[in-house]
Number of protein chains: 2
Amino acid sequence: MMAHRTHRIMVIGFGTVGQGFYELFNAKRRALGLEGSRITEIVDMRFGYTNMTDESHVREYLGNVDRTISSSDVVERIKASDADIVCEFTWVNYRDAEPAFSYMKAALESGKHVITTNKGPIALRYRELMHIASENGRKVRFKGTVMAGTPSFNILDLLPGARPVRVRGILNGTTNYILTRMSEGLSYSDALKEAQSRGYAEADPTNDVDGFDAAAKAAIISSVFGWDHPMDRIRVEGIRNITAEEAASGTKLLVYADRDEAWVRPQVLDDGDVLRHVKGVMNAIEIETDTLGKIYSMGPGAGKIETAQAALTDLVSISRSE
Amino acid sequence: MMAHRTHRIMVIGFGTVGQGFYELFNAKRRALGLEGSRITEIVDMRFGYTNMTDESHVREYLGNVDRTISSSDVVERIKASDADIVCEFTWVNYRDAEPAFSYMKAALESGKHVITTNKGPIALRYRELMHIASENGRKVRFKGTVMAGTPSFNILDLLPGARPVRVRGILNGTTNYILTRMSEGLSYSDALKEAQSRGYAEADPTNDVDGFDAAAKAAIISSVFGWDHPMDRIRVEGIRNITAEEAASGTKLLVYADRDEAWVRPQVLDDGDVLRHVKGVMNAIEIETDTLGKIYSMGPGAGKIETAQAALTDLVSISRSE
């Protein structure tokens, strides 16, 4: 096991992913050689701020819904913090990526590395964010924005020298679940209702069914691979008009990206295509490289511990690079 | 790009993989920050020894089939070499892993790291080899033994903290090609002949069709994951008796391993199983972990540049860890 530095970690946003990270980090830090590292502060607009982060205090903290604070107070807490890593787990906003963007900016400018699972700032304001990070000599890691902890764009870390040529993917579990259930005979609206009742789709399903979530992932992958496709220039078509027959013939909501273009749209995949056989909420990515041709990674694209694994991967990556 | 040391690399075995590595390393070393590193020596029992490794000399070297040398001469060349990394690309031998094992031992004992794509020494003599490596403070890397350069057991490098629970895989491309062609109507013997004519199967197909190659991979994965299943204790059943009907109903040559057992045998996979849809020479691995559940990696499991990518991955991994 490689030697690690000792880290003081501030968690911003203590919903499902934040709590998952708290549990996973504490369960695994000894095995990772991070026994000296601690989650030292937690802040969430609903529960306020705390620096008492042992289990019993955290349970109490989650009951204190009367201590809500504003996003500008959160920014002040970040600036004042003596943490060296900020983990940002707040909600996604595809309009201007706020308040997550301001949180990350405050963290970087006060000398902290940033780990996030939030697609907004990475899909919409990647260059701006990387510029701030580089000006301050800090890192931004965001594995959890594409396929949760399942290897996705970071699989290239295992392929030094390989150059990505093109990407296809099934990167939105909600729509893949709906299409899978439709291929088994359900109507679109019944499949959507079922996805909502199982917690896969939100009450307002727009971001998923209209393809915006998938487009954000196309933008993120493009940035990582050095292709310039900002989210607002990615052509997007969702699944609202897909029929049960189309679903049964192997229609999937496909994400595509190469150097020249990026798009999201329903596409019929033929039976010999491995991606056609990705069922339910599972995610999958096909990356074509110059040395290996097409390789695939598949697995969960969401979930409490599954997404926390991504943040843990980012944490160890930052720790080892110091 | 991280800073790298400068390496002097000795290549043992200059067949398809050795030549692929020579080409790939020279094409990619600048991009990898390894411009100061060189392949300084090449040795092959058929072509003899050379330390003139520029392209024109290597072309000449490959014509010199009258300079054959013995395996004990190869061992002497390894001991006398001033390389710091030995890349071993000789043939597989499931009886005693020789002469590859002696080459690796000589390399480690003379202070060199070892990279190999040879399954024999890792499947049969893992503990012995790791003991020698540890005694000499050197590393042995062997990504290419399972799924060539396609991420396989090393995908856990991207999942710090995750614990592997069980593995299933389609890890032999030759038998998967034969079964795929049988499912399309060919007889076993016609499918085998076709695989041989396309270079997927050897003249003596025993290692593939009787499952020994797959069993070697089960043993290697088990060692990496800390499960103790030496190759000679793995139950193996091959595909010689599979009928066209069984192939058409989704029979695959499956590799299985967990803490308690490891086996290789034909198994019918149902339609909802992603592994059923892995066609032709493609390889696939399913790894179940405590944090992510089941994740999958798929891609080529053989090939000149595809296997050379594995050795390049190992090389960069060793270089970064120093």
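Backbone N, Cα and C define each Cβ position, glycine as well.
Sequence-distant contacts (6 or more apart, same chain, Cβ under 8 Å) of B:F14 (NADP(+) binding site) comprise B:Y22, B:I42, B:V43, B:D44, B:R46, B:F47, B:Y61, B:L62, B:F89. According to TrEMBL, the feature NADP(+) binding site maps to B:G13, B:F14, B:G15, B:T16, B:V17, B:G18.
As annotated by TrEMBL, domain 'Aspartate/homoserine dehydrogenase NAD-binding' applies to B:13-142.
For B:K119, the entry in TrEMBL reads NADPH binding site. In three-state terms derived from DSSP, B:K119 (NADPH binding site) belongs to a helical segment.
What TrEMBL lists as domain 'Homoserine dehydrogenase catalytic' is B:159-316.
The L-homoserine binding site annotation in TrEMBL covers B:E202. Around the Cβ of B:E202 (L-homoserine binding site), the same chain contributes B:Q196, B:D208, each under 8 angstroms and 6 or more positions distant in sequence.
Marked as active site, proton donor by TrEMBL: B:K217. B:K217 (active site, proton donor) falls within a helix when secondary structure is assigned with DSSP. Within the same chain, residues at least 6 positions away in sequence whose Cβ sits under 8 Å from that of B:K217 (active site, proton donor) are B:K119, B:A123, B:T145, B:V146, B:G169, B:L171, B:N172, B:V255.
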Check: If H, G and I count as helix, E and B as strand, and all else as coil, what does DSSP give for B:T16 (NADP(+) binding site)?
Finding: helix
Check: Which has the fewest other CB atoms in a 10 Å radius around its CB: B:G13, B:G15, the listed binding-site residues?
Finding: B:G15
Checklist line | Average pLDDT across the domain 'Aspartate/homoserine dehydrogenase NAD-binding' (B:13-142), rounded to a whole number | finding: 96
Checklist line | Reduced DSSP assignment, B:E202 (L-homoserine binding site) | finding: coil
Notebook entry, point to check: Taking the Cβ of B:K119 (NADPH binding site) as the centre, how many other Cβ atoms fall within a 10 Å radius?
Noted result: 26
